[in-house]
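A.B. asks: What follows is a single structure, and I will ask about it in a moment.
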Amino acid sequence: MAPTCLRPLLRYRSFAILFLTPLLLLPLPLAVSTREARCAYIIIIMAVYWCTEVIPLAVTSLIPVVFFPLLGVQTAKKVCLQYLNNTNMLFFGGLIVAISVEQWNLHKRIALRVLLFFGVKPALLMLGFMVVTAFLSMWISNTATTAMMVPIVQAVLDQMDNTEYDMTMMEQATGQTNTVIELGEKSTSESTAVNVANNEQVPDDPRSSEEKKMRKHICKGMTLCVCYAASIGGTATLTGTGPNVVLKGQMNQLYPNNNDIVNFASWFGFAFPNMILMLVLAWLWLQYTFMGLNFKKSWGFGTEKTTKEKVAYDVLKEEMRKLGPLSYAELNVSLLFVLLVVLWFSRNPGFVKGWASRLFPGGEKYITDSVPAVFIALLLFILPAHKPWNQSKSDAEQAEEDTKKQFLSASLLDWNVVQRKMPWSIVLLLGGGFALADASASSGLSAWLGHQMTPLISVPQWAIAAVVSIIIAVFTECTSNVATATLFLPVFSSMATSVKIHPLYVMLPGTLSASFAFMLPVATPPNAIVFSYGHIHVLDMVKTGIVMNIIGICCVTLAINTWGRPMFGLDTFPTWANITTNQ
């Protein structure tokens, strides 16, 4: 129980934070009348609001539009330009493609195909769920992927549980019959036999409690693997999750001449191997925690499928049957999706000239990853969802229909669907973050922060990167991952500039660690979705998530110090990074 004097404060906590925060921080801009202090004043207020969520995150993101111009930090024109810049358009186009994939259930078809391929042995089934979830999270939102996958997991687990229950009841009934026969043969009292048969009492099976415990463990492992794989998979692509897009945007804001060092291809080359490594280690950890590393039992090499496994396989086949054959719309969306990925990878691969520079004069300067994203998004509103020709109709019927209908059917995507499914709050949140980064750079706040961190020059670079990962991994457990990246990445860039290390050496670990929200149900929406199904407790997620965080931090540290070094040239301090110091 809280003390009596604190109860009113707890009751009006949101109101107190909302109004007391600006008042308590007011001496900062009044005592230090500089642009840096005024910029810091707004950033600290927004940080408090983002961490406490006293008002919606998207609403907090709009504060710079009002207060930066009023305090003379940045003009309204420059602030507003950040809310729909190149990076936001890349994210916007990618989300539209993701919405089309969800709209036509293409993600579910992919999921079921892969699960049927992996099989239904316990360890392989978990691996199948994790691979599917991670792959889908690379392209569509982590929340949508989890919301689609968990019901499939639940259906498989429920059917396996029901089958095991039916088998147990049959075995008990068979055992009771044999018992009655044996008692009769031994001339035991008839009343005893009737009593056993009528009351259906059997000796307690010592294995029953162990089986129930094992079933609970499997349910926990199978559901946890989905939310963890969603968070891990989102790190592999530039548009997979919000923090990746924040890094891309803030690199462009803070280092305008960075030669497009972070693009879709370079990010994928760095983050995809890290994702694979994390996924494998997470799978082994979850298998060890909830199933035990019994390879013969879990993997089932050289053994036949049990009844439960056959039933689980039938559930997946039935779900696949309900989807029917591949439709014309699904085929079109699949082709457009593949085309988008190819365009992203081949725009500027780095080792050879991409299509942007070969087909268009000066294309490497004018064309960014947002161009193919929006181009494919436009095609989704143009191409028809159904075949423009009809089959198995007579000429008279065809002629009559042709006069009534338009030349093309409805498009693959409808704007009303986009309006309903588009996470507009994330778009505003990204815009607010870009506005903060731009204002902190132009006001001199970034340079001031960098000078304060000069003593870190004596600390080894790998230690700085590791500490950055730990700080972000802890902070993101209680704050939005996008807000975490937005607040910390400008600080990390200033620190890197002050100690003369490559900015990406600390910004990359910080960005990836923002997605390591494994410990709490409220840390990220996928965790909350899985927790709502009731198989796991908070303590289960905390105990498992601590090790998951350690795995993530170790993998990122390994990645940044091995293949990340030659890929981004992390051993040298780039010339383009001197710009922020000179401002």
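Using N, Cα and C of the backbone, Cβ positions are placed for all residues, glycine too.
So TrEMBL says this about it:
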- 41-71: transmembrane segment (TRANSMEM)
- 83-104: transmembrane segment (TRANSMEM)
- 110-140: transmembrane segment (TRANSMEM)
- 221-241: transmembrane segment (TRANSMEM)
- 261-286: transmembrane segment (TRANSMEM)
- 326-346: transmembrane segment (TRANSMEM)
- 366-383: transmembrane segment (TRANSMEM)
- 426-450: transmembrane segment (TRANSMEM)
- 462-492: transmembrane segment (TRANSMEM)
- 544-563: transmembrane segment (TRANSMEM)
A.B. asks: Within this structure, do the transmembrane segment (366-383) and the transmembrane segment (83-104) have 3 or more Cβ pairs under 8 angstroms, counting pairs 6 or more apart in sequence?
C.D. replies: yes
A.B. asks: In terms of Cβ proximity under 8 Å, which residues at least six beyond the ends of the transmembrane segment (261-286) contact it?
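C.D. replies: For the transmembrane segment (261-286), the sequence-distant neighbours (Cβ-Cβ under 8 Å, at least 6 residues beyond its ends) are 126-127, 130-131, 134, 221, 224-225, 228-229, 232-233, 235-239, 244, 247-248, 251, 293, 344-345, 347-350, 368-369, 504, 508, 512, 544, 547-548, 551-552, 555-556, 558-559, 563-564, 567-568.
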A.B. asks: What parts of the chain pack near the transmembrane segment (462-492), using Cβ distances under 8 Å and only residues at least 6 beyond its ends?
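C.D. replies: Apart from its flanks, the transmembrane segment (462-492) reaches 43, 47, 50-51, 57, 241-243, 246-247, 250, 254, 426, 429-430, 432-433, 436-437, 440-441, 446, 449, 456, 499, 501, 503, 505-507, 509-517, 519-520, 522-524, 549, 552-553, 556-557, 560-561.
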A.B. asks: Mind pulling out the one from 110-140, 221-241, 366-383, 426-450 with the most Cβ pairs under 8 angstroms to the transmembrane segment (544-563)?
C.D. replies: 221-241
